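These notes are about the structure you will find just below.
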């Protein structure tokens, strides 16, 4: 048999079938760096409309984990898609560099006491730099394009100085206040914590009912209408923090709740109890009392001012009114310790009660505290409970499990502790109302984010922005020693401090002699040594970065972070921006769910489910990780596992194989010379171009709406359905067997060229390394990188009428039914390949109209050696119905010889003496002018 291989146009390409991403991606990275790609993009997009995605700074501590890898990948997808849309979309990465975790690492390594404060801060700075280098390498290895040589760092002298300037504006605008307020306090940190640094965990706590005895029992009984009695009156409170009882200054009742006087016997003595009417039964059940009488009924406001004896201190405390009292649990009477609770503080403030804080910064009672002096607060619970039991004031005690605030770093329980702190006042100058109004103007993605952050802002307390740490940006203020007032020239003085910090670092403030700035006034003022909450540091990036860097702008078009940032960076950015310039720093905010394993569990070493991005990149490649990120529904928790990543790897392989097919059939195609005009295209090729163009519109819209899973699905379906199992399959015969430069082949190549030009751009934001690798093998003159282009727009006008479009949709369905039938025949051993079959289609009028025009070329669509169409009502006995209404099939095994070149079984094989093993079509294609195709 003659070998006709040289007469075929077999696919050729140097684009490798095996991706080998772990080795090939670093080569692409090196090329990008040699090319200075990021700078080239900036120059290319100069003068175009700006699109700013502002990078929320990750903490400079440890290698990138899967959550931060997911974060940076989504951001990179957005930035690259906007670049392809023609925007100037710079990406300036940043790092959050101050704060406790860095302090703890340095302390562990070097010891805090061995270093001066300045040396300790320098060690923290050095440590942060080392961590930034690690993370920068991780993010670049993921293919994230950005200004990695000029990131913003919250510890840069310039940034620290601008943070002071931001605070100065907030001071000048009247939003800063100082107060002895209770704040979340971590004894291990020795500092106040922000709301965003608090996490809730289950904790076992003692729950006790404690009786406060009425000083004038007779007057109380009379208020309830009980006369001629001598029994004592107790007001029971219920608390899970007995250790706060030494700081008790009042008992709160709700002014509108109804309270009952309950007569009973407790500890073998008659007693009257004042309880919220709705809680009488549950309280008495808790006290183990079945026999009791309810006497009288008063609203809470009638109890105001009643005096009670503290259960173990020589202190008389009043009953006061508080709207925070509920009947969800307890007694309706709330133990009020203004130093240890925000609601307690606010209600006590109305009554001008003292703020008695007996707990020091280490979480221990001060030495002269009765009974528990020097003890850690949680250990003080036991002796207090014993004392209450011995004195007859303990009505009930049990241990309960409940959700309790913990330090995000130490995982230890927090306390509320009143200390002198600096706050941004939520109700000062209408900040809360303006924040809520501004939230409504922002686009929140998903939409439920608006309600979430709105509720948080509506309910949040004043923001405590001061910390008692070494490593941080100072709050450079002077307070008058007698009046406690800020220096009247504070904003101007802060600018002078900012100028010093810009040159010398934050040490300039801590080393500063107040006389340098204040002169003789220095004796009257105290220098503040607190530092700023790190959420303030990162919260003013809109001022220190967006407003300061020439290539950026404020407001940013989008902030994109995890959903936990509704209470973190989104809030701190919003509040500081409003306090500075009275508008939000962002136009839209996109959030995503936490990255968890396939069972919805957080990544944990103890569970053994931790997947490191570095390992994924090393084993599968960054593009597989990026494809996984794009495929996930980020509006909920994001699942990852080895199996899920394997599926992403399989999907990647399909995309790569599609690209390889396109490239391998364009090896001899010069778009300048070989493109076929649209009016000369084979109909199937025109359909393919039209389908590609339509899909591109959907893909660009999905990119614009940040619907990445929809893009992934669209590309996956395009590779597997429209292209893989239909179009590319059909045109193989034409590509390989038609005349090399003939119209049928050049028509198919023209379509493949347009598809490749569009396709490589679609995938570029997601699998960036692979897209740029494909780009190097594309035909024609082009830019050195796909990222220096825009979405492909040079499509010919290949629009189809609605009728034509419908016809091709029906052909897809018909071919699907034929394929299923042929597969059955293959499985039964009746045929080896589809080309061994001859198919008769019995079609109703609707289907007949779709396929009749194809005539002889129908067999190319079905990839059979013969295909004919007959009316549906002429079905033979051998025909069988399909799942498509109006279509029946009859499949016969061809009796003809197989063509040695195209493998089709045709009656013309053996009829041409010079080429007895070829069909007439192959003789024409190989040795004559070549066949013509109109439809397929």
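Each residue, glycine too, has its Cβ placed from N, Cα and C.
Within the model, the motif ''HIGH' region' (58-68) carries an average pLDDT of 91. Annotated motif ''HIGH' region' per Swiss-Prot: 58-68, in sequence order.
Look at Swiss-Prot and you will find 561 tagged as L-isoleucyl-5'-AMP binding site. Over all protein chains present, the Cβ of residue 561 (L-isoleucyl-5'-AMP binding site) has 21 other Cβ atoms lying within 10 Å. For the recorded site, residue 561 (L-isoleucyl-5'-AMP binding site), the DSSP three-state label reads strand.
Under DSSP, residues within the motif ''KMSKS' region' (602-606) fall into helix, strand and coil as 0 helix, 1 strand, 4 coil. Annotated motif ''KMSKS' region' per Swiss-Prot: 602-606, in sequence order.
Its Cβ taken as reference, residue 605 (ATP binding site) is surrounded by 7 other Cβ atoms within 10 Å in the chains shown. Sequence annotations record features per position, and here Swiss-Prot assigns ATP binding site to 605 based on sequence analysis.
The Zn(2+) binding site annotation in Swiss-Prot covers 899, 902, 919, 922. The local packing around residue 899 (Zn(2+) binding site), expressed as other Cβ atoms within 10 Å of its Cβ over all shown chains, amounts to 25. DSSP assigns residue 899 (Zn(2+) binding site) to coil in the three-state reduction, placing it in neither a helix nor a strand.
Sequence-distant neighbours of the motif ''HIGH' region' (58-68) (same chain, 6+ residues past either end, Cβ-Cβ under 8 Å): 95-97, 99, 101-102, 105, 128-129, 131-132, 134-135, 138-139, 142, 153, 562, 594-595, 603, 611-614, 616, 640. Each of the binding-site residues 902, 919, 922 was scored by the number of other CB atoms within 10 A of its CB, and the lowest score belongs to 902. Using a Cβ-Cβ cut-off under 8 Å and counting only residues 6 or more beyond its ends in the same chain, the motif ''KMSKS' region' (602-606) has close neighbours at 65-66, 594-596. Across the structure, residue 919 (Zn(2+) binding site) and residue 605 (ATP binding site) are spaced 66 Å apart at their Cα atoms. The DSSP secondary structure for residue 919 (Zn(2+) binding site) is coil. Other than 899, 902, 919, 922, the residues of this chain whose Cβ falls within 8 Å of the Cβ centroid of the Zn(2+) site are, in sequence order, 737, 900, 901, 903, 904, 906, 909, 918, 920, 921, 923. With helix defined as DSSP H, G or I and strand as E or B, the motif ''HIGH' region' (58-68) counts 3 helix, 1 strand, 7 coil. The binding-site residues recorded for this entry are 605, 899, 902, 922, and the Cα of 605 lies nearest to that of residue 561 (L-isoleucyl-5'-AMP binding site).
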